[in-house]
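Asker: After the structure tokens below, expect a handful of questions from me.
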Amino acid sequence: MKIIGIDPGLRNMGWGVIAVEGPRLRHLDNGIVHSEAGDLGPRLAALYRGLCAVIVRHAPDAAAVEQTFVNKDALGTLKLGQARGIALLAPAEAGLEIGEYAPNAVKKAVVGVGHAAKEQIQHMVRFMLPGVEFAGPDAADALAVAICHAHHLQGRALRIKASA
């Protein structure tokens with residue numbers, strides 16, 4: 001199974017694709033879809049086209065998107081929410097199952113604690129996906145989201161197996 005993790009952002013939308021082979025995880029690719037400064041509509045369109053191209057190229061079986069948090073900058077939060085809408089729309093249009101995870105849930109799944117620093121997350125992603133080179137911090141976060149979803153799916157499969 002291939003999973004694409006997405007870290008929504010208006011300037012940089014990180015993505016990472018992993019393969020889940022039983023209990024093993026394998027890095028396939030990661031990158032960042034960029035949007036240039038300017039009017040919001042064209043920026044969102046660029047993010048959408050870029051993310052759709054990644055989904056077509058890698059043909060994942062499932063997607064995972066990090067949930068956003070509200071901060072003091074209401075306008076910034078609103079714009080980030082619109083970018084998150086793109087992060088949900090592109091895989092939904094491709095017919096993918098989408099998991100959504102809070103940042104603390106991603107950190108807990110990857111590091112073991114919900115308030116881990118970015119450096120700790122990147123260290124554990126490198127440990128879980130040996131040889132990975134990050135296209136940037138947003139791509140590293142996206143891989144962490146994909147790993148979180150893989151763990152969720154593996155746990156769900158075990159629960160189904162146990163109840164059968």
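These residue numbers are counts, starting from 1, taken along the chain as shown.
The backbone N, Cα and C atoms fix where each Cβ goes, and this holds for glycine too.
The active site annotation in Swiss-Prot covers Asp7, Glu66, Asp138 and is backed by sequence analysis. Marked as Mg(2+) 1 binding site by Swiss-Prot: Asp7, Asp138. Marked as Mg(2+) 2 binding site by Swiss-Prot: Glu66.
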Asker: Per residue, counting other C-beta atoms within 10 angstroms of the C-beta, which of the active-site residues Asp7, Glu66, Asp138 reaches the highest number?
Answerer: Asp7
Asker: How would DSSP class Glu66 (active site) in three states?
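Answerer: The three-state answer is strand.
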Asker: At the level of the C-alpha atoms, what whole-angstrom distance separates Glu66 (active site) and Asp138 (active site)?
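Answerer: Roughly 11 Å, rounded to the nearest whole number.
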Asker: Could you find out if DSSP has Asp7 (active site) as helix, strand or coil?
Answerer: strand
Asker: Could you state the whole-number distance in Å separating the C-alpha atoms of Asp138 (active site) and Asp7 (active site)?
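Answerer: It is 6 Å, counting Cα to Cα.
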